[in-house]
Amino acid sequence: MKRVSSEPGYQAPTVTVSSSLPRKGVDEAVLVIGVVSDDAGPKVAAVQPYLDEEAIAAVESHLQALGATGGEGQTHRLVVSSLPVASVLTVGLGKPREEWPADVIRRAAGSAARALDKVGTVVTTLSAIDLEAAVEGLILGAYRFNDFRSAKTAPTDTGLTAITALTAGTTAATKGQAGRAVDIATAVATARDFVNTPPSHLFPDEFAERAKALGAAAGLEVEVFDDKALAEGGYGGIVGVGKGSSRPPRLVRLIHRGSGKKPKRVALVGKGITFDTGGISIKPAANMHHMTSDMGGAAAVIATVVLAAKQKLPIEVIATVPMAENMPSATAQRPGDVLTQYGGITVEVLNTDAEGRLILADAIVRACEDEPDYLIETSTLTGAQTVALGSRTPGVMGSDEFRDRVATLSQAVGENGWAMPLPEELKDDLKSTVADLANVSGSRYAGMLVAGTYLREFVADGVEWTHIDIAAPAYNTSGPWGYTPKGGTGVPTRTMFAVLEDIAANG
Ligand code: BES
Ligand code: MN
Ligand code: ZN
């Protein structure tokens, strides 16, 4: 039931590409096809040459009879006896288009996968429109987390184990695309698994061990600082936040060495609060359990550096991941305490619930010692993110050009990060009467931007940087949609990987 740190993690379904609908061996499979909402009724999309005229006509007349519209995400299960599969699942793509945005296909594939809970094998024509999006969407939509279910409620089926993706070319390049999609989806699932693992079982030392095991398996260099090393090293923010817990903090570093002459170096930093009670500035009980997601940034960063290694990106990627549990106790830090962040800046801790910025500041200073060209930091940092942007839109802050580049790429992959400013005047709100800085401002205005302003103080001059606030987007507390289940979402793993690929390609 419980996964131990040495066991392999998430296992993706196997993906095969094929240029025609197999006639044999798919009799247990469900054929997933896209449907557009045409004026005359639902029309199947991009099914030729995989399906013949007769099958297409059968599907369309069935859909007509069922009152299907082809609206986005709408699914219908049909039996078409002339096809060599057990059944057909149609999924709506909305209005017909010449060009398909990848995320429309990804979401449709995800909705299809969610409608096929007990199906092990899927064949799809969505891949004829966009191979990678179809494969990613199917795998992400089929994701389930059952590590903590006993036989009483554990599913008895295997879930999705095999995908046959129909596509024109089956060259090495096509297979590479399918493999890339599998690797990306695996990384997202890995991040989701971390977020979904409860705080009883994922605490700093265990989180560090699992990160280390994943990193070692991917051929990364791994360093783990324990609480003693952190205290000796002067990591006052991580030590201060962690000292209220019986389960001491950690700092994990995972290094992917790039190939080539002078590869670009990218630092990744992710917030790893394995549970955030608020500390002495304790949170209200309602929804406190959502704070199991407060290591979502760390989860995505670990998954991303492992993915960079798997995909052999020709750049250097160095992840610096602080991990702590924010608890109230007799040994906890107090509101009014002063601590010294790594690097020497002193901070008056006015609110122990603004703990993320304290552990991140240490990690950012350490990450900048490696002299990276770029720094991407991500964290479930502020409730103000949700107030400003809602539950699905990460706030992207940082140096102007890089921030905009990251937001644009985030939108391209369907994670939809949005650029936000760091107005200069906010810095004055972080003045302390006793220390260099206070960890909170005295007002409720622009809480997301104030947190970003705090972090900016710790980024070394000349480093292009971005801060991605994923407070709500990391954890889906409403219903499932598209390829996003309830619980951990894996955001912003795909954004960060897209940025790494873009840096590898364009510098
Ligand atoms: N982990 C929280 C932010 C959060 C809130 C994440 C809701 C996900 C959902 C963070 O540590 C926090 O408590 N932030 C405070 C900051 C405040 C004290 C300035 C907040 O947002 O209330
Ligand atoms: Mn907090
Ligand atoms: Zn927090």
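Glycine is treated like the rest: Cβ placed from N, Cα and C.
TrEMBL: automatically predicted annotations, no manual curation.
The shown structure was predicted, so the numbers you read here are calculated from the model rather than taken from an experiment.
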> Can you tell which of Asp276, Asp428, Asp429, Asp436 TrEMBL lists as binding Mn(2+) 1 with Asp353, Glu355?
Replying inline: Asp276
>> Need one residue: from Asp294, Asp370, Asp373, the one TrEMBL lists with Lys271, Asp276, Glu355 for Mn(2+) 2.
In response: Asp294
>> Run through Lys283, Asp353, Arg357 for me and report the recorded positions whose CA is within 10 Å of the CA of Lys271 (Mn(2+) 2 binding site), in sequence order.
In response: Arg357
>> For a three-state summary based on DSSP, what are the helix, strand and coil counts in the domain 'Cytosol aminopeptidase' (351-358)?
In response: 3 helix, 0 strand, 5 coil
> When you put Lys283 (active site) at the centre and draw a 10 Å sphere around its Cα, which of the recorded positions Asp294, Glu355, Arg357 have their Cα inside it?
Replying inline: none
> Taking the Cβ of Asp353 (Mn(2+) 1 binding site) as reference, which residues of that chain separated by at least 6 in sequence fall under 8 Å from it?
Replying inline: Asp276, Gly278, Gly279, Ser281, Ile282, Lys283, Asn326
>> So if I draw a 10 Å sphere around the Cβ of Lys283 (active site), how many other Cβ atoms end up inside it?
In response: 17
>> Let me check the 10 A CB neighbour count of Lys271 (Mn(2+) 2 binding site). How many other CB atoms are there?
In response: 32
> When you measure from each Cβ to the nearest atom of ligand 2, which of the recorded positions Lys271, Asp276, Asp294, Arg357 fall under 6 angstroms?
Replying inline: Asp276
